[in-house]
Amino acid sequence: MAAMASSTFFFFLLCLTVTAKKTYIVHMKHQDKPLSFETHNDWYSSSLQSLTANPAESLLYSYNAAFNGFAASLDPEQAEALSKSDSVLGVYEDTVYNLHTTRTPQFLGLDAESGLWAGHNTQQLEQASRDVIIGVLDTGVWPESKSFDDSGMPEVPAKWRGECESAPDFNPKSCNRKLIGARSFSKGYRMASGGGGIYKKPGEIQSPRDKDGHGTHTASTAAGSHVANASLLGYASGTARGMATHARVATYKVCWETGCFGSDILAGMERAIEDGVDVLSLSLGGGSAPYFRDTIAIGAFTAMEKGIFVSCSAGNSGPTKATLANVAPWIMTVGAGTLDRDFPAYAVLGNKIRYNGVSLYSGRGMGKKPVGLVYSKGNSSGSNLCLTGSLDPALVRGKVVLCDRGTTARVEKGAVVRDAGGVGMILANTEASGEELVADSHLLPAVAVGRKVGDLIREYARSDPNPTAALVFGGTVLDIKPSPVVAAFSSRGPNMVTPQILKPDVIGPGVNILAAWSEAIGPTGLAKDSRKTMFNIMSGTSMSCPHISGLAALIKAAHPEWSPSAIKSALMTTAYTQDNTNSTLRDAADGSLSNPWAHGAGHVDPQKALSPGLVYDISTEEYITFLCSLGYTVDHVKTIVKRPNITCSTKFKDPGELNYPSFSVMFGGKRVVRYTRELTNVGPARSMYKVTVNGPSTVGISVRPKTLIFRTVGEKKRYTVTFVAKRGASPMAKPEFGSIVWGNAQNQVKSPVSFSWSLIYLPNGAPPLTKYTSSSTNCGTKVCR
C-alpha cells in the first residue's frame, strides 16, 4: 500500500515541462511516508529526483516541527500535478512579507524596586528571567551593540540547542551569554532573487548580521541590557533597556532587502522551536487569510502546543477598520500606543502664528530668520507630495517646502527637498493620517504637523503673496498628557477571519521608541544617509510587539508552569483603558474615544499582569475544537494541527465559545447569544470574586452565577453570560462595546466585549496573500505612510 502511494506520488512528477520556477510550500500527509524511506526528508528528496538533475537545489526546506511537508523550487505545472497526489494535502505558492528604549520601562512601571511581582522584588524576577529565551524573527542582529552585553550573565541555559552561524561578515564568537543564537534563512529569498524577478538584489551576504536595523531594534526592545547615556543624536537621552533585561536573545534572520518569504519564516519558526525558545516575537505580517493559508498562524500553532508564547504585530493599516494581521487566537496580536514622551518642534509662519509639530532633526538648524515657503510648485503634479524629480530647484532653492504626507517615505521627502536646494520642510498630514504625529530623524530641518494644522499652513501658503516660515526644535519633553493614546497607524478590528474572536488583544508602546540600531545604515534607512548611530527612534506595531514579547518573558520567569494562553490572559485581563488624565483612552486619528477594535483589552500593565488573580486558560484540544467550528475541511484543520487522526467529531456551535479572555458577540439576526467561560484561580486560596457588567442600552447582559468562590489554587470555575439584543436594534446599527469584570479587593479581571448586529467573514477559499505590509512606519524600503 505504501509502495503504491509512493508510485502515485512520483508519477505526477515525471516528464513535466520546465518553465519559470517559483517556491512552493507543499503540505504532506505525514503518515503516508513509505517504509522504504528512513526519514521524511529522504522521501521528499527522492520525489524531486525525477524533476531535476539537482534535487538538493530544488528541495529548499524540509519541515518537521512547525509544519508537515517541504518547500521546493518548482514550475507551475509541477506544482499543479503535485497537488493531485493522494499524499499531498496542499501546495501553496510562497508569499512575501515585509517588515511591519529609554522611556518605556518607566512608563510601564518596570523600574519599581518592589511590588512588581507579589512577594518578590525586582532582583528576584530578573534572576528568574535568566532561564527564559526570546526568539526574534526579523532582519537579524548587530551583535556588537551594547544592548547585547552579557556582563553579569550566568552560563547559557542547559536546555538551549541553538547556535550562532558563521558568515563572511559574522563571527560566531560575536555571540555571548546574552545573545545566545543567531541564524539566517534565505533559501526562499534566494530562489526568488536568483530567478531574475522583481526580488533580485545581487550582492547581499547570506548572514545573520542586520543591515536594516529593524531586527536589532526589536530584539533590544524585548530583552536589551542596560546601556547608559543612550540617545538618537541627543534625543531621548537616558539609560536604554529592554523589557526583560536578563532574558536571553536568539535571532533568526528571515527578512532580507526585498522582504520576508513565507518559506524562510516557517523554517525560522521551526528552528526556533527546536532550539528551545520560550517566546517567539514576530514584528511582521499582513492582511487576513484563513488560518490554513497563513504561514505564521501555522507555525505559531506548533509553538503554542509546545508551550511557546507567540507575539505578533497587528499591522500599520489604521485607522481603517478591518485591517488586522496575525489574528489567530493562539497568537498575541499587539497594537500600538504612545508614550508620555514627545519631541516637539514648531513651524513659525510669517503671519506670526506658531504651529506645533514633532521632529528628531539634530543638525545645525536653519536659524531664526524666516525664509520663503512654497507648496505644490514644481515640475509635475506630484510636487505637493515632494516625489523624486517633482520639485523645481529654481522655485525651492533656499526655501522651506510644504510636503503632503503619503505615497513615499516621510524621510525620503526631506531628501528630495534637500537635493532640490530647499533648506527646510514642513511635512503635513492629509485625511489618511489624520492628527497622528510620528517624529523622524530627517536629513534637513523638518517639522511634521497634523492634518488640521497642515490645512491651515496650506491655505496660508496659497493665499499669502509672500509666505515665509522658520522651523524651531524643542528637544525631548516628558510627562506628556494625555498618554497613552492609540496610534492612528495601529490596525483595527473587526477580525475578518473569525469575527467571534475580538482582536487586537492589547496595545503597547509603539510610537517614537528608542532602541539599538545597526551601524550598517543611517537612522533614516536611506542610502544617502551617511550618519551612524548606535540607537534609533522608530514607530510602528513592530515596536509594540517586542514590548509584549519581553513582558511575556517576565511572566514566564515568574510563572514557568503557565501556558501561553494563561500568559496572554494575564496581560489582557489586567490591561487598562484609562490614560494618565483618568479619562478613557483616545484615538490619535481624530482625538475621539477609542474602543476595543482599536485597543483590544487595553494598554498592558506588567505589574498587574504578574499577579492577575484569575486566568482564562485554553488547551490545544480546545483550539482544535475551535478550528473544527470554522467550516474548514478536515484536511485544512490538519494543515494547522499536524495530527493525522483529526476527525472534527467535536465542534463548537459557535466559534465564540472558545475560552477567550474577551468577547465578540455577533447577533447576525439572532436576539440571544450565550457563552460559557472557565476561570482558573492563580491567586491565593479562598478567593471570592463578584461580577460587574457594563454594556450599551441596546443589549441586556446577565451572568450566572454572580459570585465565584475558589477554595484552592488552580481550581477552575465556570460561568455563563447571556447577551440579549433588545427589540428594535437595526442590523445596520453601528458596533457597540462593553465589559465583564470579575473583581475583589486585590484584582479586577476585566474582559472587553464588542457587539455587532451583522456577520462579516473572509471566505474560506480566499486566495493567499502575496504581499504583506510593514509593521514599522519608518519605511525606507518598507511601508510608506
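Every residue, even glycine, has its Cβ placed from backbone N, Cα and C.
Here is what TrEMBL says about this protein:
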type	residues	note
ACT_SITE	Asp138	active site, charge relay system
ACT_SITE	His214	active site, charge relay system
ACT_SITE	Ser542	active site, charge relay system
COMPBIAS	201-215	compositional bias 'Basic and acidic residues'
DOMAIN	23-100	domain 'Inhibitor I9'
DOMAIN	657-754	domain 'Subtilisin-like protease fibronectin type-III'
SIGNAL	1-20	signal peptide
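Known features from TrEMBL, placed on the structure.
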{"residue": "Asp138", "record": "active site, charge relay system", "CB count, 10 Å": "30"}
{"residue": "His214", "record": "active site, charge relay system", "CB count, 10 Å": "32"}
{"residue": "Ser542", "record": "active site, charge relay system", "CB count, 10 Å": "34"}
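On the backbone, the CA of His214 (active site, charge relay system) and the CA of Asp138 (active site, charge relay system) stand 7 Å apart. A straight line from the CA of Ser542 (active site, charge relay system) to the CA of Asp138 (active site, charge relay system) spans 10 Å.
Sorting the domain 'Subtilisin-like protease fibronectin type-III' (657-754) by DSSP state (H, G, I as helix; E, B as strand; all else coil) yields 1 helix, 57 strand, 40 coil. Here the domain 'Subtilisin-like protease fibronectin type-III' (657-754) has a mean pLDDT of 94 out of 100.
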